[in-house]
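Enquirer: Below you will find the structure I want to go over with you.
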Amino acid sequence: MGRHEAWRPPGWRCSWHTAFLAASVLSSCFLLTRAQETTGISIRVVPEVLKEGDSVTLTPEGLDLKKIASCKWYRGAVEERNVIVTYYLVPVSGQEKGPAHTGRETGKPDCSLDITNLKPDDSGTYSLKTEGLGVTNTGATNITVSGYVTNITISDSGKAIENSTTVLHCTSAGTNVSYSWLRGNESLVVGERISLSNNNQVLTFNPTSRNDSDSYSCYGYNSFSNDSTSYLLNVLYGPDVPVIGPSEHYYAEGSNLTLSCTADSNPAAQYTWSFNETSDIGSASQLSIHNLQFHHSGNYTCKAFNNETNANSTSASREIWVLAEVSDVTIMGLSEAIENESLILTCTSVGSEVSYYWFRGNQSLEDGGHISLSHDNQNLTINPVSRSDAGSYTCLGVNRISNNTSTPFELTVFYGPDDPVISPKINTYRTGSSLNLSCSADSHPPPQYTWIFKEGIIGNTSELLISNLSLNDTGDYTCSAFNVETNLSKSASLLVEVYETLSSPVLLPAEAIVAENANVSLQCNTSNSPDVNVTWFKDSNPVPDKAVLFNRNRTLTLTAVSKDEEGMYTCKATNPVSNATSNPSKISLAYGPNNVKLNQTGTVTLKLGSRLALLCTAESLPEAQFRWFFNHTNMNVTANTFSTDLTAWEDGGNYTCQAYNSVVKKLASASVSVKLTTQESTPSGSGLSPGQIAGIVIGCVLGVALIGGLGYFLFTKTALGPGRH
């Protein structure tokens, strides 16, 4: 495949590159040796607001970079020990790190300085000095780096006592910190007693209240960070005026007396008891006296003391009287009754000035309706008796000093049965499941039950269980209830329908890639029973209106498919007892090939004998099919990669990747032009230190002589033409 070019001297291009480098160095030599004029410059800081961890760029404004040979950045004053970095623009660009370099600073060709991962210590002045063609530029700027909020603490002013002043002080590390407070999980509400001062760092309670006891959180924050801590405020208070309980003043002779004394206090109060204001009879919150006698009657007083607040408080006296009690309370009468008949119950007791109160269970009975009471409440009449009157009756005898309750009197009322109730009231069941019915009828005594199905008796208890239901178990189930005492019977029926249990439908195809405006159909394979309904979903939502359904909704057809119809489709089969959802079917709209790209673009120059490796990518659904061409000739390569050894001049030319979408029938391509050369590419130079520049100046004159000799040689060869020496 080799092609031939006009002969040229070996090293032609390399010589011109060398000549350009020598000329640049010579120009720099003159630029750096001219008399200097100092000019002030301004420096732009981006971004202006800086925080710990950010990056910043310091950029000088108004520089003529063509006249500048080097840019030197300083941290602080313009002193050699403060040099961060020196960036050289000519003869070869590059940077030299200085004593103040931290590893986070980088000089750039426009004389700007990048600093990454800023720290608060980076705050301060940054100076720039440039050297160039007769001009020295200087400038400086300041940056401030804000630090994160950390180490937040809350200190107190000492023990918090009610009605005194309590101060909480919040401190933290950080820059420009603002403070706010929470009480519990809510914002602190300040007012007459509660105030904030000193940038909200100081929280003052004046006076302090017991209700101020809570968890307080101090929240420190600046524009980019925050921290918080909590403090549990425990307010000491009390004791308040003690309260003696219970409130009862009258006790029966021989009974036990237990008095309790409580006073709101933090910490808990210490208690002492006195009797008739003279003798101390107890040192606990509770006072107990067993087997009360008449001499125990008198005034009892409680005193409370708080050893933290050093305060005490005394209760009002409680007067106690010891007297005789009511006893032997008894109910007499018949314990069984028939519904709609009448009944009289009588209450008796031992004691003086006894009043009577009647109860059924925990409910007090009053005169009215079908219940009447005698003038002294001793006689209770029920007329007529109702089933709701059955239960436990008690009589309470009360006087000023005591009370006593009778032994419960159990009243039984016969009734029923009422209409039976079958539960659960579920009419539909799955095949293979169990039918478990319960029949209940209000009756006393309980009724006898009989189950009937298709005119046959299938059970004689209140429960009916049928396992492994089949379609033949569909029908009416009747329950009959019979009371042997009232000789009455009642019945009820329930219709039971048995349906098959559905399995998951199979949706075909599982995936479809469709060209735009084409048609596609999906088939939902499920039971053909008339009780089974099929519904369709796209991305868990109802299918769009343009979907057409056939075959009792088993087939879904989409016509003129567009982007809106892309998604995951499912079908759901439902009958009265079950439902099942199919596997998903994905419908995608074919597209592409778009954005066909090669890993190398435009024109590339490669050395003769090197290897060309190309990668072709394209956005396409389905995936694109690839073919490769060289100068419009099919290379019979169908992968998305192409490689060849460039061994002949004829291997230079246009290499084309062609991508094809088999669904939309579309082609797209991308090309690269390859030019061949015998030369290696010149490696980029590295930065020269100021010491190396001095050595280059010495070689400047030799460089000029070399350029002149080379120019004469080339001119001679060109004039003689190819083949002449």
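Heads up, the Cβ atoms here are built off N, Cα and C, so glycines get one too.
According to TrEMBL:
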type	residues	note
SIGNAL	1-35	signal peptide
DOMAIN	158-234	domain 'Ig-like'
DOMAIN	239-317	domain 'Ig-like'
DOMAIN	324-412	domain 'Ig-like'
DOMAIN	420-495	domain 'Ig-like'
DOMAIN	505-588	domain 'Ig-like'
DOMAIN	593-673	domain 'Ig-like'
TRANSMEM	693-715	transmembrane segment
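Relative to the rest of the structure, where do these features sit?
Expert: This prediction places the mean pLDDT of the domain 'Ig-like' (239-317) at 90.
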Enquirer: Using DSSP, what's the helix, strand and coil tally for the domain 'Ig-like' (239-317)?
Expert: 3 helix, 40 strand, 36 coil
Enquirer: Go through 324-412, 505-588, 593-673 and flag the stretch with the largest number of C-beta pairs under 8 Å relative to the domain 'Ig-like' (239-317).
Expert: 324-412
Enquirer: May I have the DSSP-based helix, strand and coil counts for the residues of the domain 'Ig-like' (158-234)?
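Expert: The composition, in the requested order, is 3 helix, 41 strand, 33 coil.
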Enquirer: For the domain 'Ig-like' (420-495), what does DSSP give as the number of helix, strand and coil residues?
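Expert: Per DSSP, the residues of the domain 'Ig-like' (420-495) fall into 3 helix, 44 strand, 29 coil.
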